[in-house]
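Written out below as structure tokens is the structure these notes cover.
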């Protein structure tokens, strides 16, 4: 490629793009770690995007109506960091660029949400960014429908690489976006034909443009190093009536004489000698991390070009009726709906009196019927299991082309994209997403669920059919290890409610959470209401509490969750009949219990006596409460699952696997 000809054709563009490239090269070299090739290859596309098309104001990084820019190919993080520094984001200082990938740095190896303003989402696991962006596009459409396009009218731009498009989640996401006709979503494909193993063709022959077209997208192409051709394609993309893929043909490591267009430049520093040659090829005579003042000033002018449009937008916002403005600002700031607590309180009181015997998945539906009318920002959904997850209430309609006021997503059999899209909805602002599937299929959503926890995104995962209690569908659908997996994930609340009251309390906590996602593990089988005396306080917020106290001298404590709390209470009755004083502790959320002060934990689980945990899942998460926290191994037992389940009616399964009142009582007596 003739670099001199490109430099001569668009000299102003060349200087701006070269500033990105050299910052990326220098930061990776200084860190002795990173990925310079992608920023070098996509600098031209990014320059045209930020200079001519992206709506943003670097001095107001959280402006509600800004365009969102998602770097799905997160390994190329220095592309984003260089842009944020050059355009004048306050937190993106040159010192931070120099501190790339170091302890305490805002500029982490892969972009991390919450570390640096301008980073819209955490990326790095390939395919997550493009899928999260689909959720952002859905949220934009929802907010525009509710508040009007004078307040909400922006695009979601994504840079994705070959690896993003190979990941299975990408097909789920592009299929969902195509079905929803999300014309506010534009994906810029860094088509450099290189992976770590070599040419893309060593592992893939997919016609990506045909794949996107078949999924309902418009497809455009450009020379990713020709500023005028890039501008033409991006201008056309903004006018499309469907989501757009722009095929940007690029060279990875553009300008490196010996490493461009090879995997050698993907994930390692260029080295001093190659950097010298590359600078010469660019015509860049400045030292490491030196950006001439006139180039920095031009970039900062680009960063300020949205200020006037933002001021006009703020005037429109200020002119709204006070109530509408306050509600818009609350939803964008992700504030808790003011009527939520009252709705939950009234629901609990009514259900304590009615004492229904319902599955907790049905209880969840009942809670949502009370909550959705007073929390207008909820958008629910299911991965093709609406009738089983019971996630749709009668007051909400489907979100679809032509009805963006709808608050229910038909995700199809796309668990992973559903989870990522929900992350994107919350990150955009204005939406509280929840979505359902069978608990066993958290396996299909795991990558995005982990990012919920890592980012501090309070997505609500409605996971029904939570144990062998689902019955005849058998071990392929019966979760036994999944509670342990969710509980092992940092910054996750895993709720397994025992009845309709605990279900309501779990929902209140999930919809009030600021920075922690929630998993609601809900039963298929009917469970009785255990708390028939109304308690205004949210007992689930403590994580665990005494649901039945020992009569006489306490000799044993039974700990249980979900459907097994009822079984534990029946075991208590057997033990009490033999004068064995037994306390039953319901533990709907281990994480919240662990967060309580030691005095409370000691009050619920005092030292001495036998402890038995009961749960139709594996033992692994329970040893903290059985062996630790004042427990003793010789006095500790577990009644639950040791392996996978089986296909049979639920009642038979509980009997065959020994999760019965009689087995629990026998376990206690064997430990006395």
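Each residue, glycine too, has its Cβ placed from N, Cα and C.
What Swiss-Prot records for 415 is active site, proton donor. Under the heading substrate binding site, Swiss-Prot lists 35, 266, 361, 388, 465, 473, 524, citing similarity to another entry as support. What Swiss-Prot lists as thiamine diphosphate binding site is 75, 124, 125, 126, 163, 192, 266, 441. Residues annotated as Mg(2+) binding site in Swiss-Prot, with similarity to another entry given as evidence: 162, 192, 194. According to Swiss-Prot, the feature site 'Important for catalytic activity' maps to 35, 266, an assignment based on similarity to another entry.
Taking the features listed in Swiss-Prot, we show where each one sits on the structure.
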residue	record	DSSP class
35	substrate binding site	coil
75	thiamine diphosphate binding site	helix
126	thiamine diphosphate binding site	coil
162	Mg(2+) binding site	helix
192	thiamine diphosphate binding site	coil
361	substrate binding site	helix
388	substrate binding site	helix
441	thiamine diphosphate binding site	helix
473	substrate binding site	coil
524	substrate binding site	coil
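Among the binding-site residues 35, 194, 266, 465, the ones whose Cα sits within 10 Å of the Cα of residue 163 (thiamine diphosphate binding site) are 194, in sequence order.
DSSP gives residue 465 (substrate binding site) a coil state; it is part of no helix or strand. If you measure from the Cα atom of residue 192 (thiamine diphosphate binding site) to that of residue 35 (substrate binding site), you get 14 Å.
Cα spacing between residue 124 (thiamine diphosphate binding site) and residue 35 (substrate binding site): 12 Å, rounded to the nearest whole number. Spatially, by CA atoms, the recorded positions 35, 194, 415, 465 include one closest to residue 441 (thiamine diphosphate binding site), and that is 415. In this structure the residues listed as binding substrate are 35, 266, 361, 388, 465, 473, 524; their two most distant Cα atoms lie 48 Å apart.
Each of the binding-site residues 126, 194 was scored by the number of other CB atoms within 10 Å of its CB, and the largest score is that of 194. Working note on the recorded positions 266, 415, 441: by count of other C-beta atoms within 10 Å of each C-beta, 415 ranks first.
A simple way to gauge crowding: the CB of residue 162 (Mg(2+) binding site) has 22 other CB atoms within 10 angstroms, across all the protein chains here. In this structure, 388 is the one among the binding-site residues 192, 388 with the smallest number of other Cβ atoms inside 10 Å of its Cβ.
The Cβ centroid of 162, 192, 194 marks the Mg(2+) site; residues of that chain outside this set whose Cβ lies within 8 Å of it are 161, 190, 191, 193, 195, 200, 250, 252, given in sequence order. Spatially close to residue 75 (thiamine diphosphate binding site) yet at least six residues away along the chain are 35, 38, 110, 124, 266, 267, judged by Cβ distances under 8 angstroms. In the three-state DSSP scheme, residue 266 (substrate binding site) is classed as coil.
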